[in-house]
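*Asks:* Please find one structure pasted underneath; my questions will follow.
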Amino acid sequence: MIPSSYPSAEEIARLSARMLLEIGAVNFNTDEPYTLASGLPSPSYIDCRKLISFPRIRSTLMDFMAVTVMRNAGFEAFDNIAGGETAGIPFAALVAERLALPMTYVRKKPKGYGRNARIEGAMSEGERVLLVEDLTTDGGSKLSFVDAIRETGATCGHTAVIFYYDIFPETTKTLGDHGVQLHYLCTWWDVLAEARAQAAFSTETLDEVEKFLRDPRAWQEANKKT
(Lines of atoms letter the chains of each structure in order from A and count residues from 1; the text may use other names and numbers.)
(Lines give C-alpha, C1' and ligand atoms only; values in the text may rest on other atoms or scores of the structure.)
Protein backbone atom coordinates (compact mmCIF):
# COMPACT_ATOMS: atom_id res chain seq x y z
CA MET A 1 0.00 0.00 0.00
CA ILE A 2 1.52 3.33 -1.09
CA PRO A 3 1.30 6.13 1.51
CA SER A 4 -0.55 9.31 0.58
CA SER A 5 2.56 11.41 1.21
CA TYR A 6 6.19 10.55 0.69
CA PRO A 7 9.63 12.24 0.76
CA SER A 8 11.06 14.45 -1.96
CA ALA A 9 13.36 12.89 -4.56
CA GLU A 10 16.34 14.40 -2.73
CA GLU A 11 15.31 12.88 0.60
CA ILE A 12 14.62 9.52 -1.04
CA ALA A 13 18.14 9.61 -2.48
CA ARG A 14 19.69 10.42 0.91
CA LEU A 15 17.72 7.78 2.78
CA SER A 16 18.33 5.14 0.12
CA ALA A 17 22.08 5.78 0.27
CA ARG A 18 21.97 5.56 4.07
CA MET A 19 20.15 2.22 3.95
CA LEU A 20 22.57 0.75 1.41
CA LEU A 21 25.46 1.75 3.66
CA GLU A 22 23.73 0.32 6.74
CA ILE A 23 23.33 -3.17 5.27
CA GLY A 24 26.89 -3.29 3.95
CA ALA A 25 25.90 -3.16 0.29
CA VAL A 26 28.51 -0.46 -0.37
CA ASN A 27 32.10 -1.59 -0.71
CA PHE A 28 35.13 0.69 -1.17
CA ASN A 29 38.66 -0.66 -1.58
CA THR A 30 41.30 1.59 -3.10
CA ASP A 31 44.25 -0.70 -2.31
CA GLU A 32 42.84 -3.76 -4.07
CA PRO A 33 40.25 -2.48 -6.57
CA TYR A 34 37.34 -4.63 -7.70
CA THR A 35 37.21 -5.87 -11.27
CA LEU A 36 34.11 -4.89 -13.22
CA ALA A 37 32.47 -7.12 -15.82
CA SER A 38 34.36 -5.09 -18.44
CA GLY A 39 37.64 -6.24 -16.87
CA LEU A 40 38.47 -2.70 -15.74
CA PRO A 41 39.26 -1.83 -12.10
CA SER A 42 36.97 0.11 -9.76
CA PRO A 43 37.50 1.20 -6.13
CA SER A 44 33.76 0.90 -5.53
CA TYR A 45 31.28 -1.95 -5.71
CA ILE A 46 27.63 -2.15 -4.72
CA ASP A 47 25.59 -5.29 -4.07
CA CYS A 48 21.88 -4.41 -4.15
CA ARG A 49 20.99 -8.10 -4.07
CA LYS A 50 21.70 -8.07 -0.32
CA LEU A 51 18.50 -6.09 0.13
CA ILE A 52 16.32 -9.19 -0.12
CA SER A 53 17.65 -10.29 3.29
CA PHE A 54 16.69 -7.05 5.08
CA PRO A 55 12.87 -6.88 5.04
CA ARG A 56 12.35 -3.48 6.68
CA ILE A 57 14.84 -1.70 4.45
CA ARG A 58 13.74 -3.72 1.43
CA SER A 59 10.12 -2.73 2.00
CA THR A 60 10.95 0.96 2.37
CA LEU A 61 13.07 1.05 -0.78
CA MET A 62 10.36 -0.69 -2.78
CA ASP A 63 7.86 1.92 -1.53
CA PHE A 64 10.33 4.55 -2.71
CA MET A 65 10.64 2.89 -6.11
CA ALA A 66 6.88 2.67 -6.56
CA VAL A 67 6.31 6.33 -5.71
CA THR A 68 9.30 7.44 -7.81
CA VAL A 69 7.85 5.69 -10.85
CA MET A 70 4.37 7.12 -10.24
CA ARG A 71 5.76 10.61 -9.66
CA ASN A 72 7.84 10.57 -12.84
CA ALA A 73 5.79 8.42 -15.23
CA GLY A 74 2.21 8.64 -13.98
CA PHE A 75 -0.18 6.77 -11.74
CA GLU A 76 -1.77 4.66 -14.50
CA ALA A 77 1.21 4.43 -16.85
CA PHE A 78 1.80 0.65 -16.82
CA ASP A 79 0.02 -2.65 -17.32
CA ASN A 80 2.85 -5.05 -16.44
CA ILE A 81 6.03 -5.05 -14.33
CA ALA A 82 8.93 -7.08 -15.76
CA GLY A 83 12.07 -8.07 -13.87
CA GLY A 84 15.37 -8.70 -15.61
CA GLU A 85 16.94 -12.10 -14.90
CA THR A 86 18.23 -12.57 -12.22
CA ALA A 87 18.73 -9.61 -9.89
CA GLY A 88 15.65 -7.72 -11.05
CA ILE A 89 13.15 -10.51 -10.38
CA PRO A 90 12.52 -10.07 -6.62
CA PHE A 91 12.31 -6.29 -6.92
CA ALA A 92 9.89 -6.51 -9.86
CA ALA A 93 7.64 -8.77 -7.79
CA LEU A 94 7.66 -6.33 -4.87
CA VAL A 95 6.97 -3.29 -7.07
CA ALA A 96 4.20 -5.16 -8.94
CA GLU A 97 2.54 -5.94 -5.61
CA ARG A 98 2.62 -2.29 -4.58
CA LEU A 99 1.20 -1.11 -7.91
CA ALA A 100 -1.35 -3.96 -8.06
CA LEU A 101 -0.07 -5.05 -11.47
CA PRO A 102 0.87 -8.38 -13.09
CA MET A 103 4.52 -9.39 -12.88
CA THR A 104 6.68 -11.15 -15.46
CA TYR A 105 10.38 -11.65 -15.94
CA VAL A 106 12.71 -11.52 -18.91
CA ARG A 107 15.32 -14.20 -19.49
CA LYS A 108 18.84 -13.32 -20.58
CA LYS A 109 18.61 -16.05 -23.22
CA PRO A 110 15.59 -17.58 -24.97
CA LYS A 111 13.96 -20.76 -23.78
CA GLY A 112 12.12 -22.41 -26.63
CA TYR A 113 10.92 -20.55 -29.71
CA GLY A 114 8.65 -17.69 -30.70
CA ARG A 115 8.46 -14.04 -29.81
CA ASN A 116 7.78 -14.81 -26.13
CA ALA A 117 10.74 -17.18 -25.77
CA ARG A 118 12.47 -14.88 -23.29
CA ILE A 119 9.38 -13.98 -21.26
CA GLU A 120 8.14 -15.92 -18.23
CA GLY A 121 4.59 -15.10 -17.21
CA ALA A 122 1.76 -13.54 -19.19
CA MET A 123 2.65 -10.54 -21.35
CA SER A 124 0.24 -9.39 -24.05
CA GLU A 125 0.56 -7.29 -27.18
CA GLY A 126 -0.02 -3.62 -26.49
CA GLU A 127 0.75 -3.79 -22.77
CA ARG A 128 2.83 -0.96 -21.32
CA VAL A 129 5.69 -2.61 -19.45
CA LEU A 130 8.00 -1.22 -16.77
CA LEU A 131 11.38 -2.98 -16.65
CA VAL A 132 12.74 -3.28 -13.08
CA GLU A 133 16.38 -4.04 -12.28
CA ASP A 134 18.65 -3.68 -9.26
CA LEU A 135 21.09 -1.20 -10.82
CA THR A 136 22.52 0.23 -14.01
CA THR A 137 26.05 1.27 -14.91
CA ASP A 138 26.10 2.40 -18.55
CA GLY A 139 22.57 1.29 -19.45
CA GLY A 140 23.67 -1.18 -22.10
CA SER A 141 22.45 -4.35 -20.41
CA LYS A 142 18.91 -2.96 -20.19
CA LEU A 143 18.53 -2.75 -23.97
CA SER A 144 18.51 -6.51 -24.47
CA PHE A 145 15.67 -6.89 -21.95
CA VAL A 146 13.75 -4.00 -23.52
CA ASP A 147 14.10 -5.54 -26.99
CA ALA A 148 12.80 -8.89 -25.71
CA ILE A 149 9.75 -7.15 -24.23
CA ARG A 150 9.08 -5.25 -27.44
CA GLU A 151 9.33 -8.43 -29.50
CA THR A 152 6.13 -9.62 -27.79
CA GLY A 153 4.25 -6.63 -29.17
CA ALA A 154 4.25 -4.89 -25.79
CA THR A 155 5.81 -1.47 -25.29
CA CYS A 156 8.63 -0.61 -22.88
CA GLY A 157 9.66 3.00 -22.51
CA HIS A 158 10.69 3.04 -18.84
CA THR A 159 13.13 1.20 -16.61
CA ALA A 160 13.45 1.59 -12.83
CA VAL A 161 16.47 0.70 -10.71
CA ILE A 162 17.47 1.07 -7.10
CA PHE A 163 20.94 2.31 -7.93
CA TYR A 164 22.33 4.31 -10.87
CA TYR A 165 26.10 4.79 -11.17
CA ASP A 166 25.72 8.29 -12.71
CA ILE A 167 29.38 8.49 -13.69
CA PHE A 168 29.22 7.55 -17.38
CA PRO A 169 27.68 10.45 -19.35
CA GLU A 170 26.60 8.21 -22.21
CA THR A 171 24.14 6.23 -20.05
CA THR A 172 21.04 8.39 -20.41
CA LYS A 173 21.81 8.95 -24.11
CA THR A 174 22.13 5.20 -24.70
CA LEU A 175 18.76 4.61 -23.08
CA GLY A 176 17.17 7.71 -24.57
CA ASP A 177 18.22 6.78 -28.10
CA HIS A 178 16.40 3.49 -27.49
CA GLY A 179 13.28 5.29 -26.29
CA VAL A 180 13.75 4.38 -22.63
CA GLN A 181 13.51 6.72 -19.62
CA LEU A 182 15.51 5.82 -16.50
CA HIS A 183 14.09 6.11 -12.96
CA TYR A 184 16.31 5.52 -9.92
CA LEU A 185 16.53 6.03 -6.17
CA CYS A 186 20.15 7.05 -5.61
CA THR A 187 23.60 7.29 -7.20
CA TRP A 188 27.26 7.00 -6.23
CA TRP A 189 27.21 10.74 -5.51
CA ASP A 190 24.44 10.26 -2.94
CA VAL A 191 26.31 7.35 -1.36
CA LEU A 192 29.57 9.34 -1.26
CA ALA A 193 27.85 12.29 0.43
CA GLU A 194 26.20 10.05 3.03
CA ALA A 195 29.43 8.11 3.61
CA ARG A 196 31.22 11.40 4.31
CA ALA A 197 28.43 12.54 6.64
CA GLN A 198 28.68 9.29 8.60
CA ALA A 199 32.48 9.01 8.37
CA ALA A 200 31.74 5.47 7.22
CA PHE A 201 35.16 5.15 5.57
CA SER A 202 38.48 6.95 5.97
CA THR A 203 38.85 10.38 4.39
CA GLU A 204 41.66 9.04 2.22
CA THR A 205 39.45 6.25 0.88
CA LEU A 206 36.55 8.60 0.15
CA ASP A 207 38.84 11.10 -1.57
CA GLU A 208 40.20 8.35 -3.82
CA VAL A 209 36.70 7.11 -4.60
CA GLU A 210 35.71 10.66 -5.53
CA LYS A 211 38.65 10.81 -7.96
CA PHE A 212 37.27 7.69 -9.62
CA LEU A 213 33.74 9.07 -9.77
CA ARG A 214 34.88 12.35 -11.33
CA ASP A 215 36.92 10.68 -14.07
CA PRO A 216 36.43 6.89 -14.08
CA ARG A 217 38.25 6.34 -17.38
CA ALA A 218 41.40 8.14 -16.19
CA TRP A 219 41.32 6.35 -12.82
CA GLN A 220 40.90 2.97 -14.49
CA GLU A 221 43.77 3.64 -16.87
CA ALA A 222 46.04 4.69 -13.98
CA ASN A 223 45.10 1.62 -11.91
CA LYS A 224 44.88 -0.97 -14.66
CA LYS A 225 46.72 -4.21 -13.94
CA THR A 226 49.63 -4.86 -16.24
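The backbone N, Cα and C atoms fix where each Cβ goes, and this holds for glycine too.
Okay, so Swiss-Prot annotates it like this:
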BINDING   Arg107, Lys108, Lys111, Glu133, Asp134, Leu135, Thr136, Thr137, Asp138, Gly139, Gly140, Ser141  5-phospho-alpha-D-ribose 1-diphosphate binding site
BINDING   Thr137  orotate binding site
*Asks:* Given the binding-site residues Thr136, Thr137, which one is most crowded in terms of C-beta atoms within 10 angstroms?
*Replies:* Thr136
*Asks:* Among the binding-site residues listed here (Arg107, Lys111), identify the one with the smallest other-Cβ count within 10 Å.
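*Replies:* Comparing Cβ neighbours within 10 Å for the binding-site residues Arg107, Lys111, Lys111 has the fewest.
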*Asks:* Specify the count of other C-beta atoms within 10 Å of the C-beta of Asp134 (5-phospho-alpha-D-ribose 1-diphosphate binding site).
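*Replies:* So the Cβ neighbour count for Asp134 (5-phospho-alpha-D-ribose 1-diphosphate binding site) comes to 23.
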*Asks:* Where does Thr136 (5-phospho-alpha-D-ribose 1-diphosphate binding site) sit in the DSSP three-state scheme?
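*Replies:* The three-state answer is strand.
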*Asks:* Report, as a single number, how many Cβ atoms besides its own are within 10 Å of the Cβ of Asp138 (5-phospho-alpha-D-ribose 1-diphosphate binding site).
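*Replies:* So the Cβ neighbour count for Asp138 (5-phospho-alpha-D-ribose 1-diphosphate binding site) comes to 15.
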